[in-house]
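J.: Quick one: the structure is below, and I'll ask about it shortly.
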Amino acid sequence: MLLPATMSDKPDMAEIEKFDKSKLKKTETQEKNPLPSKETIEQEKQAGES
């Protein structure tokens, strides 16, 4: 079975060049699981030792 020329592994540069970034919406990224600060880690270590 022959695949049409449009189904290639190489990106279509014309398609990329006509992509309009202004159509993208700006979203605020929110960390779902923020890492604990060094202070929090130290407090937890000390709490675990006592």
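Using N, Cα and C of the backbone, Cβ positions are placed for all residues, glycine too.
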J.: So which of Thr6, Thr29 shows up as phosphothreonine in Swiss-Prot?
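T.: That would be Thr29, per the phosphothreonine annotation in Swiss-Prot.
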J.: For the region 'Disordered' (1-50), give the DSSP counts of helix residues, strand residues and coil residues.
T.: 20 helix, 0 strand, 30 coil
J.: Count, for each of the modified residues Lys32, Lys45, the other C-beta atoms lying within 10 angstroms of its own C-beta, and report the residue with the smallest count.
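T.: Lys32, out of the modified residues Lys32, Lys45, has the fewest neighbouring Cβ atoms within 10 Å.
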